[in-house]
Amino acid sequence: MNHSDHPTAVLPGDVRIPLLGFGTWQATGEEGYKAVLAALDAGYRHIDTATMYGNEEEVGRAIRESGLRREDVFITTKLPPERVGRERETIEESLRALDVDYVDLWLVHWPPNNPGDLIPVWREMLAARDAKLARAVGVSNFSTAQIDELIQATEENPAVNQIKWGPRLYDRQRHAEHRDRGVVLEGYSPFKTTDLSDPVLTRIAGAHNVSPAQVVLRWHLDHEIVAIPKSVTPERIRANADIFGFSLTAEEMRDIDALGS
Ligand SMILES: NC(=O)c1ccc[n+]([C@@H]2O[C@H](COP(=O)([O-])OP(=O)(O)OC[C@H]3O[C@@H](n4cnc5c(N)ncnc54)[C@H](OP(=O)(O)O)[C@@H]3O)[C@@H](O)[C@H]2O)c1
């Protein structure tokens, strides 16, 4: 499959987010740099980082040295909770570390500790987007009620909510709540939340001659949920991107969904 054919979801502003991304938490220094370079070589065109991960420089260097055009790689970074009140300064630091003029998606990493900060932070995120420092803005680890507060106050929905997700955490209603509000659900920790030796996953993997990890990622994409698996192991980096040569049947999707009940 051609990389530009990877499935995407559409965010406000007609921004396209590839449904498969590459996670970089705990991938730092030379190891992080090499992992991102290997990911780009394996076909990922979406990299997930955060101020908190302390690896924006390595991520930026790998993207630059991959030889890909800036507009062909979707970059996400995130505002840490302790930076509330210093939003603009924080994104400017991220852009400097990444050595880019804009990120594609900037997320509030966690809801602010003080609930009174919720709306002011969201207004700062929107201002950064309007200043073209981020093409889209969203949140992470937010409840539906918190998302509703943002929408009520500003009439602007977060483009994305990045939350912990996997077959064991599957929640049809929570997914629908996001869809109803025009918020793309982005899952994190797809493997850490999953028992990869679960018999349902191994049976389905066997039927398609793939691994349970590949089944888990394909399941996210078939639900139109963004998946951002992390690995620093070249073989796994490649395997986690090699998920477009098979598809899951409706029955298999239902069987995996049922792991969440
Ligand atoms: N917004 C948030 O609060 C938040 C929180 C957590 C994570 N995230 C984001 O989501 C990304 C993914 O989540 P995560 O890093 O927590 O966990 P994950 O992607 O579920 O799991 C990563 C672990 O799985 C291993 N692994 C990778 N591919 C595998 C495979 N094919 N088979 C078996 N094991 C495999 C990795 O090992 P090796 O690296 O040794 O290969 C690593 O130990 C993060 O990197 C980060 O970008 C966001």
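Every residue, even glycine, has its Cβ placed from backbone N, Cα and C.
What TrEMBL lists as domain 'NADP-dependent oxidoreductase' is 20-259.
What TrEMBL records for Tyr53 is active site, proton donor. For Tyr53 (active site, proton donor), the count of additional Cβ atoms within 10 Å of its Cβ stands at 21 [all protein chains shown]. Tyr53 (active site, proton donor) falls within a helix when secondary structure is assigned with DSSP.
Counting only same-chain residues at least 6 apart in sequence, those with a Cβ under 8 Å from the Cβ of Lys78 (site 'Lowers pKa of active site Tyr') are Thr49, Ala50, Thr51, Met52, Trp106, Leu107, Val108, His109, Ser140. Annotation note: Lys78 (site 'Lowers pKa of active site Tyr') sits in a strand segment as assigned by DSSP. Summarising the annotation, TrEMBL assigns site 'Lowers pKa of active site Tyr' to Lys78.
DSSP assigns His109 (substrate binding site) to coil in the three-state reduction, outside any helix or strand. Taken from TrEMBL, the feature substrate binding site covers His109.
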Mean pLDDT over the domain 'NADP-dependent oxidoreductase' (20-259): what is the value?
98
Mind giving me a neighbour count for His109 (substrate binding site)? Other Cβ atoms within 10 Å of its Cβ, every protein chain shown.
20
